[in-house]
Every structure is written in C-alpha cells, then in structure tokens.
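**Student:** This is the structure I want to talk about, given as structure tokens.
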C-alpha cells in the first residue's frame with residue numbers, strides 16, 4: 001500500500017470512528033446531565049460532601065462552586081508537589097520548587113497541562129497518580145459542567161437556576177469519564193503501554209552498556225490525559241515516548257480519544273435543546289475547521305523539504321517517530337492543538353514554518369474545533385452568539401439564538417469572553433519579549449525564537465499545554481507568568497459563560513417568525529466559520545506575521 | 001454541624017470534601033484496579049515488553065538502546081564512545097537513549113545548527129557504512145521526538161547490512177535475510193509507517209552464532 005493511501009485511510013478511519021460515537025456518546029452525556037435520578041454511590045458522595053443533590057443553583061452559586069473547587073484543587077496539588085518527598089512511592093525525588101509547583105498546579109487544574117518539568121526525573125508515582133491524574137478527570141468534568149449550565153441557559157425558561165455544580169461534576173466524573181477511562185486504559189495496556197508501580201531499574205543492554213528501565217502507572221494516566229483533553233505527559237517526551245504510545249494503533253486510538261468527547265458534545269447540545277439540527281450545524285463548523293487544519297499541517301509536513309533542515313535530511317523527520325511517520329504525526333499535531341489537549345507525539349518545534357505556525361493558529365482559534373471537553377462547545381457557542389448578532393446587524397433585527405434574545409447584556413458577556421484570551425496571550429508574549437532575560441530563553445534564532453514565546457503564551461492562555469519545547473520555561477518568571485496566564489485564560493471566560501447562562505435562563509423564549517435567522521442551515525455554518533476565522537485572524541495576524549509567517553516567507 | 005459557618009467557608013469545605021472523595025476514587029481505586037487487571041491479563045506489556053536472555057532483562061522492545069563501542073576501547077577519553085560497527089545503529093537521539101531524559105532536539109526547521117548537524121551526520125553515516133551520502137535515508141540523520149525511538153526505516157536497515165556482515169564475518173545475504181525478516185509493515189496494513197526494530201534485530205543478531 002502506498003504511503004498516501006495509508007495516510008488517507010488513517011484519517012478516514014478516524015472520521016468514521018468519531019461519526020459512530022457521535023450519537024451514543026452525545027446522548028449518554030445528555031442523559032447524565034438531565035436525568036433526575038441519582039445513583040446510590042452519588043447519593044453517598046453528596047452526603048459525605050454535605051450538599052443537596054436535588055437543589056439547582058443560581059448562576060452565581062454555580063460559579064462559586066466552580067471557583068471554590070478549583071481554588072481548593074490548586075492548593076491541594078501545590079501542597080502535594082511540595083511534600084512529595086515525604087509520601088510513599090516518591091522514588092526518592094525531592095519536592096518540586098515553589099514556582100514550578102504553582103505553575104504545575106495551575107496547569108493541571110485549568111485543564112492546560114503545560115509542563116515546565118520532566119516527569120521521569122521530577123515526580124514520584126503517587127503525585128502523578130493521585131494528584132495530577134485526578135485533575136485530569138475533574139478539570140475535564142468542570143469544563144463539561146460549565147457548558148451544561150450554558151446549554152440550560154438556552155433551554156430553560158424564566159428561571160434563575162442553571163443546574164447543580166456538585167451533581168454535574170460528580171456525574172460526569174463517575175458515569176462518563178471513569179468507565180471510558182477504565183476500558184480504554186486496558187486497551188492501551190494490551191497495546192503495550194506500561195502499567196506498574198516499579199521505580200527505574202538499571203539493566204544491562206545488548207551491546208554491553210547500561211540503561212534505566214522506567215516504570216509507572218502510565219496507561220491509567222495516559223487514557224484520561226487524552227479523553228479529558230488534558231495532555232500532560234507521564235514522561236517528558238509525552239505521547240512520542242514509546243511507553244506512553246508504543247505503536248501506530250495506540251497512536252490512532254489516542255487521537256480518537258482526545259477528539260471523542262469534544263466532537264460528541266454538539267449532540268448533547270442538540271438533544272438538550274430539543275433540536276438535533278442545531279447540534280449538526282455546530283459539529284459541521286468544528287469538522288470543517290478540523291479537516292482544513294489537518295490538511296494544511298499534513299501537506300506542509302509532507303512537502304516542506306523547502307525548509308533548510310527538511311532539504312538537508314530529505315524529509316521532515318526531525319522530532320518525529322519512525323513508527324508513526326509524517327502522516328500520523330501531522331494528524332496528531334493538528335488534533336491536539338485544536339482540542340486544548342496539548343499532548344504531542346512529535347516535536348512541534350521542529351515542524352515546518354507553516355505547519356508549526358498552523359499549530360499556533362489552531363490554538364489561537366480559542367480551542368473550539370472541536371476544542372477542550374466542554375470548553376470547546378462553550379467557546380463555539382459564544383462565537384455562534386456573535387455570528388447571530390452580526391447577522392442581526394446586517395438585517396436590522398434584534399438577534400435571537402434558540403429563541404433567546406441577544407440583548408446588550410448578553411452581548412457584553414460574549415464580547416468580554418472573546419477579548420479575554422487574546423489579551424492574556426498578546427500581553428504575556430509582549431511582556432516576555434520586552435525582557436532580555438526571558439528573550440534569552442529561546443533556543444532557536446530569528447523569527448522561530450519569537451514563535452517559541454508566542455506559542456508558549458498562546459498555549460497557556462488557551463489552556464492547550466503543548467509547547468515549542470525549545471524555550472527554557474523553568475524559570476521563576478515564566479513559571480509565574482504562564483501560571484497566571486493559564487488561570488486567567490480558564491476562569492475569566494468561565495465567569496462570563498456562567499453570567500451569560502444566568503442571563504439567558506431568565507428570559508422567556510420568543511416565538512420563531514419568518515424573520516428569525518435559522519441556525520441549522522448551511523448558511524449559518526458558513527457564517528459561523530467566517531466569524532471564527534475573522535475574529536481570530538484579525539486579532540492575531542500581526543503577531544503571526546512576526547513569527548511563523550516571517551519565517552515561512554524568508 | 002457546619003450550619004454555623006459562613007457560606008463562603010461552607011462552600012470551600014464542600015469543595016475540599018468532594019476533591020478528597022474524587023481523589024479516593026479516581027486517584028487510588030481506579031489506577032490500582034487498572035494495575036491489577038493489567039498485571040493479571042497483560043503482564044508482558046504492563047511491565048515494559050522486556051527482552052530477556054538467560055533470565056536477564058536486556059532491554060525493552062519499545063525503547064531504543066545505544067550500540068556503541070565499550071567505554072574502555074574509547075580512542076580519546078572525554079569523547080562519547082563511537083558507534084560499534086558490529087551492530088545495526090539506531091537513529092540519532094537527543095537524550096542518548098536514556099529513558100530518564102526523554103525528549104527531542106527542538107531545533108527549528110531553519111536553524112543553522114540543525115542543518116549543520118544533519119549534514120555532519122550524513123557524512124559520518126556514509127563514511128561509517130561505506131555508502132554514497134545521497135543514499136543515507138532521512139531517519140538516519142534526524143533525531144526522533146522521544147529520543148527513545150527503537151525503530152529505523154527499512155532503507156536504513158538495508159543500508160547497514162554490508163558493514164555489519166563484514167565486521168561479523170557473515171555472508172551479506174544472511175544478514176540481509178535477517179533484516180528482511182524483521183521488517184514490520186504498517187499496523188493493520190494502514191496505520192503508521194513500515195519500520196525495523198533495531199533492538200529486536202540486534203538481539204536476533206546476537207543469537208546468530
């Protein structure tokens with residue numbers, strides 16, 4: 001079979017798998033978010049926690065729950081990292097320094113999973129398993145909870161209640177994420193991913209040298225790292241490490257897992273809104289952007305022997321694994337940067353100028369195609385609100401989406417949402433570039449060095465977590481600045497989303513008339529895609545032109 | 001009990017309790033259950049797909065190794081040991097095939113350092129294997145993403161056959177046949193790339209007496 005045909009087949013098989021799980025997974029999540037029935041174990045959890053599982057909350061109480069849970073999580077994880085040397089299974093590793101612990105705690109709680117440390121030389125097994133991997137579950141569940149509140153804002157009438165955060169968090173973790181993680185963790189082990197509690201073992205090699213064979217509960221963390229669009233690797237090399245991703249099948253499965261929930265959530269949206277066509281329109285926009293991005297990265301990596309290193313080597317194989325090759329690596333790179341996952345199976349820093357630039361642009365889109373678990377859907381729903389508003393301006397009507405009027409109050413929250421991340425990203429990158437010490441952290445010269453800094457803040461602000469890893473980011477300044485960028489980039493948008501949800505829920509729906517813009521037709525799909533590209537393109541174009549564009553056009 | 005506390009404190013106490021409950025479930029029960037099932041059903045994979053000889057672990061089929069000359073035969077002390085011509089050589093590694101230092105070079109596509117490194121590797125491989133520099137494949141001159149890639153392309157494996165056969169005093173046809181037997185096709189016919197596992201190939205070579 002030719003490489004091109006095989007490459008196409010792996011993409012088509014992925015699309016088919018995602019299409020097959022769209023309905024059952026989306027419907028299952030909708031059921032979990034709407035059923036009044038609690039499981040016995042959930043009732044036990046609510047009793048232990050001391051909350052009433054049957055009482056819905058106002059948007060402000062829901063938000064206080066999200067923020068309290070996240071604040072407690074950051075402190076807990078910070079303490080865990082600082083004290084790991086006193087705990088069992090620490091493998092004799094010292095505590096993580098204060099600035100790096102802050103960065104790591106913020107990173108895992110915000111679903112970013114940016115890593116300024118190397119797992120295999122820094123962390124013991126307990127903190128990976130009971131600290132970091134727990135946040136892989138719950139930060140993903142928080143994202144889905146917040147989008148559930150927003151959907152209820154659209155679907156409920158004249159109420160001030162948007163759901164119960166504790167119930168959403170518990171149900172998504174226990175009923176959706178945990179069973180899927182368990183099943184696919186076993187599949188990954190069968191494929192070769194390790195799962196043990198050994199420390200590193202020194203062994204003789206075939207040629208008479210020595211090598212340290214590492215151990216760890218890798219599969220159980222790997223699976224939720226992808227499924228929850230987290231992306232923080234057990235090892236420094238992330239999913240390019242053979243113990244995390246041993247062959248092309250596990251690689252394909254990991255790409256599927258990191259896309260599955262985010263691509264199924266529009267179904268959940270359509271089902272809860274009582275109109276599946278609304279879900280299809282949203283997923284169509286996501287799929288269009290994803291397909292275009294996969295195409296651009298793949299073509300660029302295949303044909304970028306025009307870059308000097310590619311020309312010297314004969315193919316873009318620097319930073320890529322032989323078992324995956326260029327096609328599977330490009331597919332992973334586009335998918336991971338479009339989903340806020342940030343896991344990598346190849347080194348993005350060594351990608352061609354436009355291929356690597358595309359991974360930055362993917363993140364700049366705001367992680368919406370399909371985006372992070374939950375955060376992708378609420379991100380694109382805000383853009384849908386903007387698109388409806390723009391269309392309303394063109395014809396001079398009060399815009400409405402799913403029967404809810406988009407008045408000044410709603411548009412203020414949507415605008416604030418749209419402005420937050422670019423502010424964090426561009427201000428952070430500008431600040432770093434203004435400081436000689438931080439500029440010195442670049443590994444590569446010229447525009448590519450600027451791309452490294454731009455990538456870092458884009459990744460942190462959009463909660464992606466992947467890196468142009470040449471940049472030296474384990475400094476007090478970068479740990480602090482990127483930690484803050486992750487926190488602002490995660491929680492300010494959540495404030496606006498939940499405020500928007502509360503504002504929408506209080507409205508009585510307006511009847512559909514001949515003048516209502518249908519939001520399930522191809523016209524709307526095109527409009528929304530256009531809004532996504534224009535809003536992002538205009539915001540980031542100057543920064544992109546200084547980095548990847550300048551590099552590619554040299 | 002908690003009703004006398006302020007709502008803010010109560011909220012954070014609820015948050016702490018649910019975090020602890022979910023930590024118990026997803027941070028202990030879940031990984032230990034996965035470990036139990038994995039060790040019971042797939043002990044070979046769960047423990048790192050180890051290669052053993054006479055009961056001793058000699059590596060993992062998943063992790064590349066160095067096949068360099070022993071340290072005491074170094075020509076100049078202070079320089080890293082050179083490749084051993086008796087073995088098939090893996091790809092260049094940014095971390096020297098140390099599993100405690102996985103990672104890539106992270107050098108950009110137009111970085112002059114990377115270009116010079118690739119050109120130097122091409123010349124060195126061509127000299128070492130006695131082939132035309134134009135015949136050295138891309139994977140032989142570029143470092144992998146993990147620094148632990150156990151695989152090379154079939155082209156790079158074939159390119160090394162004559163050198164290995166000469167040093168070991170074997171017929172090239174014998175070594176060629178060994179390489180051909182170790183070529184792995186794409187998974188399920190279409191996933192990933194064709195490749196040769198250098199660790200397994202060299203382990204087979206070691207047994208070929």
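Glycine too: its Cβ is placed from the backbone N, Cα and C atoms.
Because TrEMBL annotations are produced automatically, they should be read as predictions rather than curated entries.
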**Student:** Per TrEMBL, which of A:129-151, A:198-220, A:221-243 is transmembrane segment?
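**Tutor:** When A:129-151, A:198-220, A:221-243 are checked in TrEMBL, transmembrane segment belongs to A:129-151.
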**Student:** If I count Cβ-Cβ pairs under 8 A between the transmembrane segment (A:279-299) and each of A:61-81, A:376-395, A:416-434, A:481-502, A:523-543, which range comes out on top?
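**Tutor:** Top-ranked stretch among A:61-81, A:376-395, A:416-434, A:481-502, A:523-543: A:523-543.
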**Student:** Count, for each of A:129-151, A:416-434, A:481-502, A:523-543, the Cβ pairs lying under 8 Å from the transmembrane segment (A:376-395), and report the range with the highest count.
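**Tutor:** Result: A:523-543.
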**Student:** Quick test of the contact rule: Cβ under 8 Å, at least six residues beyond the ends. What residues does that give for the transmembrane segment (A:416-434)?
**Tutor:** 364, 366, 382-383, 386, 450, 453-454, 456-458, 460-462, 477-478, 481-482, 485, 488-489, 492-493, 496-497, 500, 535, 539-540, 543
**Student:** Counting Cβ pairs under 8 Å to the transmembrane segment (A:61-81), which of A:129-151, A:249-267, A:481-502, A:523-543 comes out on top?
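**Tutor:** Looking only at A:129-151, A:249-267, A:481-502, A:523-543, the most contacts with the transmembrane segment (A:61-81) come from A:129-151.
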**Student:** Six or more residues out from either end of the transmembrane segment (A:249-267), which same-chain residues have a Cβ under 8 Å from its Cβ atoms?
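**Tutor:** Beyond its ends, the transmembrane segment (A:249-267) has Cβ neighbours at 10, 13-14, 17-18, 21-23, 25-27, 29-30, 140, 144, 147, 176, 184, 187-188, 191-193, 222-223, 226-229, 231, 239, 276, 279-280, 282-283, 286-287, 290, 323-324, 328, 331-332, 335-336, 339, 341, 343, 345, 370-374, 376-377.
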**Student:** Sort out the residues at least 6 away from either end of the transmembrane segment (A:129-151), same chain, that have Cβ-Cβ distances under 8 Å to it, and list them.
**Tutor:** 29, 33, 59, 62, 66, 69-70, 73, 76-77, 80-81, 89, 104, 108-111, 113, 123, 162-163, 165, 168-169, 172-173, 176-178, 181, 217, 220-221, 224-225, 227-230, 232, 261, 265, 268-269, 272-273, 372-375, 377-378, 381, 494, 497-498, 500-501, 504
